[in-house]
Each structure stands twice: as C-alpha cells, then as structure tokens.
Amino acid sequence: MEAVPSSISVVSDRQGERVVVWGPGSLSNLGPGFDALGLCIQGLGDRVEAWRTETPGVTLVEANGLPGSSIPCDSTTNTAAVAAAAVLRQVGARHGVALRLHKGLPSGSGLGSSAASAVAGAWAANLLLDEPLPREALVEAVLEGEAVASGSRHGDNVLPALFGGLVLVSASDPTCYRRIPLPGPLSIALILPRVEILTRTAREILPRQVTLQDAVHNASALAFLIDAFRAGDWETVGRWMMADRIVEPVRARLVPCYEPVRRAALSAGAFGCALTGSGPAMFALARDEMHARQVLSAMREACLQSGVDVEGYVTAVDFEGARQL
Ligand SMILES: Nc1ncnc2c1ncn2[C@@H]1O[C@H](COP(=O)(O)OP(=O)(O)OP(=O)(O)O)[C@@H](O)[C@H]1O
Ligand SMILES: N[C@@H](CCO)C(=O)O
C-alpha cells in the first residue's frame, strides 16, 4: 500500500460518531474528610450519550431520567455540558459535541449527582476528540463542571468519579490530589432517605469558625482514617469515619432519621456509619455483601420507623471511574 505523503493533511471524518459514557456516583467526606475525601461506588450513576457535531461548542439536547427533578437543561448551567465545553476549549477543538443526559442519581442526595454528570460529560467529549487526553488532564474540566452546581470548586465527588477508587484532594486547591490504593474490596450499605438537602444550603449552615481543639481532632482523625484505608483495616476505618466533630454534627440535624439509622447500623455489626456529602444519604461499612444486606435492612427499618420514606442499596467500591459503555 502506498504511504500518504506527509504534506497532505488527513481529515478525520468522525462527524456524527457517537459514544455512551457512565459517570459513577460517589460517597464524599467519609466523616472527617470534609471536601477532601471521596470514594467511587458501583451501580449508581448518570449516563451521557454524545456525538460529534460540525457546529463548535456543546448542545445539551435533553436531560431526562428523573421525572419532576429540577436539573437545568441548559448548556451554561448543566454540569455535563459545562465540563464537556471545558474539554473542547482546553484543546481548541474546531468541532462541537451534542449531549443527551440520562440522570440516574437524584440531586441533593449526597451521592455526587452533579459530579457524575460532569464527569460523564467530560469523558464523552474527551473520547470524541481526535486525540483523547489522559484522565489526569480532565481534572480542571470536571472541577469547572461541578462548580456551576455547588458554587465551589470542591473535588471530593468529581475526582473519585473520574478516577475510581478512593481519592484524597486538597480542600483549598482541588487540582492537588492523590489516589489512595485500597488493598481489597469493601461492602457498603447505603440508604437514601426521602429528604432533599441542597449542598448549597448544607454548606451555608456550617460554622465559619471552629475551635482549635476540634480542628486538631479532625486533622488527626483524617490521618488515622487514610492510614486505615490503606491498610484495609475496616474496623479502624469505621471508627474514624464516625469521628467528625465539625461538619457532620451540624448537618445531622437536617436528617430526621440520622441517630436511629446510625444506632441500627452499628447494632447490626457495621464497622461505622456516616452521612455522605451533605446528605441525606447515609452509608455503613460491612464485612461482606451478605452482611451489608443485613445492615441495610436494619438501616431501612430505622428510617421508616422515624417516619421517613427510604430507598436502599448494597454497593461496593468502583475502581474504574468514568467509562465508555
Ligand atoms: N447534571 C446535573 N445533575 C445534577 N444537578 C445538576 C446538574 N446540573 C446542574 N445541576 C444543579 O446542581 C444542583 C445540584 O444540587 P446538589 O449540589 O445539592 O446535589 P448534588 O450535586 O447531587 O450533590 P451531592 O449529591 O453531592 O449532595 C441543583 O441545583 C441542580 O439543578
Ligand atoms: N464535600 C461536599 C460534598 C457535597 O455533597 C460537602 O460536604 O458539602
């Protein structure tokens, strides 16, 4: 076969090419790791369908999946579209991308709903580039996507959703992060009480100042927590993820079933139980999948007895992050 002379530019015709991408949900804070720690989870997430267009920029064709939700279907305020646009801008793409977003995660849940969309949008736009970038190059884009929803550039949902697994991120500079290796699988019981808490509101009620004693306590709790995660010492993980003295005690007041659910999870033998993100979802760590089912049943029951309707899931760590389906 004859070689193409190098002076002739080959125009790749990928117009209309289509990809479907999964943006996973994530647990964040994990007790003392406010804005600093997040874990990607299996089975819950958003799906983005994307195709290349001739017109530059991002068009959000539709956002569906959660009837009655208030997710904006606008390219300037939907996190999937904002993150996708940031990727195109980053490489100076001359083409555009159209997106259809299928929401699987309700917003205001604590499960990183806006982050799942942002990551799926960015990954889809990336796959459609002539030369896709490595995951590490998408950090700015996903942070930009998340910021339009929450009003702050926090990375504890978007980075685990992008990379998978457990991620530690600087709360003051979220472009600074570290993936924390986990030595084995982890079974998780997760409940989503039917109470909507917007992250924005749950951030506004937090104290502007804290005592030195509490700050020091939380700093050491986070250090012990990370060390226990690395060691796969789930019992110690459970202990320290329940040790936050600054954020979770304040937010617990927004979740009417918080105390009964925590007690029920621990009575059922969970290693620990905490809010994820700004709540109201709560998670508990269990020995294995069967144990997680027992813990889940106890948590659900406690929630219902508090008069709050609830959905429940057994999940595990997703080590892969955003991916093409
Ligand atoms: N693609 C998106 N998915 C979800 N929410 C979005 C999206 N784009 C914009 N938003 C807006 O972001 C806000 C999301 O609310 P909020 O931050 O409380 O939930 P969240 O992102 O699911 O956070 P978490 O689950 O971590 O609590 C809502 O106002 C919603 O309209
Ligand atoms: N770290 C963020 C996550 C939002 O779900 C918070 O707790 O406000």
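Placement of Cβ uses the backbone N, Cα and C atoms for every residue, glycine included.
Here is what TrEMBL records for this protein:
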- 81-165: domain 'GHMP kinase N-terminal' (DOMAIN)
- PRO106, SER107, GLY108, SER109, GLY110, LEU111, GLY112, SER113, SER114, ALA115, ALA116: ATP binding site (BINDING)
- 225-303: domain 'GHMP kinase C-terminal' (DOMAIN)
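On the structure: features taken from TrEMBL.
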residue: PRO106; record: ATP binding site; contacts (Cβ under 8 Å, 6+ apart): LEU66, SER69, SER113, LEU192, GLU196
residue: GLY108; record: ATP binding site; contacts (Cβ under 8 Å, 6+ apart): GLU196, ILE197, LEU198, THR199, SER278
residue: GLY110; record: ATP binding site; contacts (Cβ under 8 Å, 6+ apart): LEU27, SER28, ILE197, LEU275, THR276, GLY277, SER278, GLY279, PRO280, ALA281
residue: GLY112; record: ATP binding site; contacts (Cβ under 8 Å, 6+ apart): GLY25, SER26, LEU27, SER28, GLY38, LEU105, ASN157, VAL158, PRO160, ALA161, GLY277
residue: SER114; record: ATP binding site; contacts (Cβ under 8 Å, 6+ apart): THR79, SER107, GLY145, GLU146, ALA149, SER150, ASN157
residue: ALA116; record: ATP binding site; contacts (Cβ under 8 Å, 6+ apart): GLY23, PRO24, GLY25, SER26, GLY45, ASP46, GLY104, LEU105, ASN157, ALA161
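Highlighted in sequence order, GLY25, LEU105, ASN157, GLY277 have their Cβ within 8 Å of the centre of the Cβ atoms of PRO106, SER107, GLY108, SER109, GLY110, LEU111, GLY112, SER113, SER114, ALA115, ALA116, the residues recorded for ATP, and are not part of that set. DSSP assigns SER114 (ATP binding site) to a helix. Filtering PRO106, GLY108, GLY112, ALA116 by Cβ distance to ligand 1 (under 6 A) retains the following binding-site residues: GLY108, GLY112. With helix defined as DSSP H, G or I and strand as E or B, the domain 'GHMP kinase N-terminal' (81-165) counts 48 helix, 7 strand, 30 coil. For the domain 'GHMP kinase N-terminal' (81-165), the model's pLDDT averages out at 96. With DSSP classes pooled into helix, strand and coil, the tally for the domain 'GHMP kinase C-terminal' (225-303) is 47 helix, 9 strand, 23 coil.
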